[in-house]
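In what follows, a single structure is set out as structure tokens and then discussed.
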Amino acid sequence: MLQSQLFWRSVATSSRHTCLPCLIRQYATKVEPVSTTPPSSPIQPTVATSDTSTKALQTDGTPQPTQPATSSRRQETAFALRTYKPRTPGVRHLRRPINDHLWKGGPYRPLTFPKIGQGKGGRNNRGRVTVRHRGGGHRRRIRTVDYKREAPGPHTVLRIEYDPNRSSHLALLENNQTKAKSYIIAADGLREGDVVESFRAGIPQKLLDEMGGMPDPGMLAVRTALRGNCLPIRMAPMGSQVFNIGSAVNRGGVFCRSAGTYATVISKTERPKTKKEENANESNSSAAIAEPEQEKSKDGKPLSTSTANPDSPNTSNATGPPHSTGRAVPSTTTKPTAVARKNRKKGEFLDVIIRLQSGELRKVSPDACCTFGVASNPHWHFRQLGKAGRARWLNKRPSVRGMAMNAADHPHGGGRGKSKGNRPPVSPWGTPAKSGYKTRKKRNTHVWLVQDRERNQGKRRSKNA
């Protein structure tokens, strides 16, 4: 041992004058190039994007230039998520969308009621568990949301609030005339102080006067198709994005109410003309060739516009100027439900076809409500809870795999090791869960469905699709 140490000492002293590459051990080192620019700050802020990666910022606060992504669509539309320093394991993977515009206080108390009872645990009125994996959670108050929006007139947005009962945000409105408050689903981009309006009761007389007494489709779309406004879907321009869509006249919004959802207006089915209307059009065309005569009373004197026949196209009606199709515009004092029932057969459209985000095409009533824009909080589905306890706060209980249970509790339970007894995947009650098992009845046809969404039919969908 002492002889080997003496040998290496002699080699080290002799290496000052001679190089022995065969005896000296060498390591791979990286030579850093000399930089003439001043060194950057040792601490650089990071911003978490939608692909859950971090990007360093330059000294002026702008992100460093990167190569444009060509394959992923999500990388092209990057946005910021709020991240936290991993002081505890529960916040290491916590990701939240940035919503600094939300109201920091509590809800408007008169429009709420507490969520109590056995429904929090997924049970019905008999106490039976109908929805599994639910229970516990933080205390909540249900917000009463106005899905119909029948009140006419301008409404001012007081604030945008967080709602624990849904993924989208709520907007607290105040009627400018009656000072009544109500909750609606906020549109993306809606802020405090904005003014929204509902046109379900008809076109206001002031707007008709600005259009010259007759509804102009182009000007009407410019004045009504604004973010947060509610109106019958037959008045929505083609290709517009709407949410909180109703299916019938008397119902509120039932489609596209979750965060970031919307539907696109595809087409409008026009009502075919009846024989009576065709004969009326022929008579009007023949009368237009001859010289028009003014309508006279019994004594031979001409009638004024106020005493003339209200069905004539050149006279004004008590409910407003008529449409080009002969349909009168209801006033703001008429209830929209009564107007819809009265004009259901006389309307110019039978139904409106919309395309949902799933690809499904379906028909809705032309007098059903809709709100312009996209539902608020569109980055909600990119969130990460970070820990299991945060899911328990949201009234979510853990789910147990069937193979981890006993044979008495699940068809996949029992046995030694990870085995389910050569049985296809089934539910706890024996219903097949995969392999394209059909659960809908063939005789129960969907009359409102135009084109069904794309389904996998038990096969794995290709990544290129």
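Including glycine, each Cβ sits where the backbone N, Cα and C put it.
Remember, predicted model here, so these are calculated numbers, not experimental data.
The annotation compositional bias 'Low complexity' is assigned in TrEMBL to 33-47.
What TrEMBL records for 48-72 (among others) is compositional bias 'Polar residues'.
What TrEMBL records for 269-279 is compositional bias 'Basic and acidic residues'. With helix defined as DSSP H, G or I and strand as E or B, the compositional bias 'Basic and acidic residues' (269-279) counts 5 helix, 2 strand, 4 coil.
Positions annotated as compositional bias 'Polar residues' by TrEMBL: 303-319 (among others).
Per TrEMBL, domain 'Large ribosomal subunit protein uL2 RNA-binding' is recorded for 122-198.
What TrEMBL records for 225-432 is domain 'Large ribosomal subunit protein uL2 C-terminal'.
According to TrEMBL, the region 'Disordered' annotation covers 33-76 (among others).
For the region 'Disordered' (109-128), the residues of the chain that approach it from at least six positions outside its boundaries are 134-137, 139-144, 165, 181-183, 395, judged by C-beta separation under 8 angstroms. Under the heading region 'Disordered', TrEMBL lists 109-128 (among others).
The region 'Disordered' feature in TrEMBL is assigned to 269-342 (among others).
Among the features that TrEMBL reports, region 'Disordered' is placed at 406-465 (among others).
Within the model, the domain 'Large ribosomal subunit protein uL2 RNA-binding' (122-198) shows a mean pLDDT value of 95, rounded to a whole number.
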